[in-house]
Each structure stands twice: as structure tokens, then as C-alpha cells.
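Everything on this sheet refers to the single structure shown next.
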Ligand SMILES: Nc1ncnc2c1ncn2[C@@H]1O[C@H](COP(=O)(O)OP(=O)(O)OP(=O)(O)O)[C@@H](O)[C@H]1O
């Protein structure tokens, strides 16, 4: 009977597929499958193009770093797939599913993570979480 009710301490997290991965339908489908396989509730979903202001606000903490302009350009280069997800320990689980920030670290330390499988560089690392 208890399985009909959601767990008590759901955490919300924003999960985003970055434009270079969002333009490849099999990657999007695979990530959506993993979201469901990992028992996340999808609270909101949208496919949308971020404005320059959205991207700058999202990565404000990195302003001035060498990769900042490249990152903002990437994030505004095409539509993103954005999910608001809920799950017990959802923030930690989504970060585990993404893998380490740097694609080559991800390949080495978390070979089945999204960033290992779909990352193309340290900036084009497939997914974001917050
Ligand atoms: N050394 C780097 N070189 C190039 N791009 C980088 C580098 N470090 C971070 N980035 C880019 O900036 C984003 C934000 O970096 P942050 O350190 O906040 O990592 P994160 O929390 O794992 O990533 P995100 O905020 O996208 O979920 C990374 O996802 C990546 O696209």
C-alpha cells in the first residue's frame, strides 16, 4: 500500500540537457529514460531557448573565468531540455547521474555517466544540475 504514496522527503532539482546534446534525439530519449528509471517525478518539463540574460544569470558565479563566454555562447546556441525533478536524495542522485564536471574526469571516474557518454569537452559536458 505504501508504494502508492510518494516518499516523504522529496528534493527538487533542476536538470537541464545542454544544447549540443539536446539537438540529438536519441541522447534526449536516453536521458529521459534514465530519469524515469531512477524513479524521479517529472514536475515540469520544457524545451526552450535560453536568453542571453538567462544564461548569464545561471552562470554568474563563473563570470570572468576563461571559459565563461564559451559557456554562455553554448547555452544560448540552441534549445535546452529543462526538467524540474523530484525524488528522495534527488540533488545527489542527479549529480551522480551527470558525473564529474570535466568530461575526461567523467570518462575515467564515472564511465556510464551522462558527461562521460555525451560530453564533448569540459564546457560541452551535456547536462547541468542545480
Ligand atoms: N575548467 C573548465 N573548462 C571549461 N568549462 C568549464 C570548466 N569548469 C566548468 N566549466 C563549465 O561551467 C559549468 C559550470 O561549472 P561548475 O563548476 O558549476 O560545475 P557543475 O556544477 O558540475 O556544472 P553545472 O553548474 O553545469 O551543473 C560546467 O558545467 C561546464 O560547462
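Using the three backbone atoms N, Cα and C, a Cβ is placed for every residue, glycine included.
Fair warning: this is a prediction, and the values are worked out from it, not measured in the lab.
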- Per TrEMBL, what member of 87, 115 joins 18, 67, 95, 101, 125 in binding ATP at one site? 115
- Message: Mean pLDDT for the domain 'Nucleoside diphosphate kinase-like' (10-130), rounded to an integer?
- Response: 97
- Query: Hey, of the binding-site residues listed (101, 125), which one tops the CB count within 10 A?
  - Reply: 125
